[in-house]
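Taken from TrEMBL as is:
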TRANSMEM  58-76  transmembrane segment
TRANSMEM  88-108  transmembrane segment
TRANSMEM  151-171  transmembrane segment
TRANSMEM  192-213  transmembrane segment
TRANSMEM  219-238  transmembrane segment
TRANSMEM  250-266  transmembrane segment
TRANSMEM  278-295  transmembrane segment
Amino acid sequence: AAVDIQPACLGLYCGRTVLSVNGSVETYGDCGVCPRGQRTDDNKICRECTGSPDRYDWLYLGFMAMLPLVLHWFFIEWYSGKKSSSALLQHVTALLECSVAAVVTLLVSDPVGSLHIRSCRVKKLSDWYTMLYNPSPDYITTVHCTHEAVYPLYTIVFIYYAFCLVLMMLLRPLLVKKIACGLGKSDRFRSIYAALYFFPILTVLQAVGGGLLYYAFPYIILVLSLVTLAVYMSASEVESFKDLLVRKKRLVVLFSHWLLHAYGIISISKLDKLEQDLPLLALVPAPALFYLMTAKYTEPSRILSEGGNGH
């Protein structure tokens, strides 16, 4: 009997699409790029992604969703000024924009109309950069097999950022124009102008470093939250628990950092073993407590005065 021998499908991410299925017999196409929503199996056959994101995947998407929100809040606070009473409403509006954008992004993703999404499992770092693994069998012709092997973790972030930007441009200018009376005309829209800068930066960051962020984001959260908490407490001259209680805003910032600490710890541990991982959350207040207990010993004026007395 004649056996149909097909040439080997080269390349790490090249595969054959299934053209037709007749009972248990499948007919395959030529070796090439898999359609969107599919990736190759062990036999180099393009198979549809039928899984769902695991806990770590959702934590990664949550981190990418938080980035624009945190930047919105930072620049709103930075440009609102001490006398402006519009900052709180702008904070709420930014939260509303990002929340609606996240829900709409999930609804338009496959399956459409559901908050659930189907995805392919991330196996290794190269899955994020399939464009780097296009084979050249004869060292002249390149077979282009670039596709989203981590569907939809790569492109769904771009869709979310697009919705965030559209909602911001629809809602924020009207709101700021009405409520930001305490600011000058040139200062009212500075937080919006800042967003027009950081959204392209976030887009490039996801395009170039999406795979690296996927594996490193828990540690990035912990390091950045520790550094920003120390900088904020130092700039606000917080040296004791009493200083924290003077203004409610300081408590809000402290609890926000604690939430970030907890998010980072949960992302690292993945809560696979609850009896071992949950006690780690008790470490969340540790950096703030350590800072408050040691701040009085690191006061620059005190160190200089003691140094002067020593001489």
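Note that Cβ sites are derived from N, Cα and C of the backbone, with glycine treated the same way.
Across the candidate stretches 58-76, 192-213, 250-266, the maximum count of CB pairs under 8 A to the transmembrane segment (219-238) is reached by 250-266.
Tertiary proximity for the transmembrane segment (58-76) is limited to same-chain residues at least six positions away from its ends with a CB under 8 Å from its CB atoms, namely 87, 90-91, 94-95, 97-98, 102, 153, 156-157, 160-161, 164, 168, 190-191, 194-195, 198-199, 202, 206, 213-214, 217-218, 221, 263, 266-267, 270.
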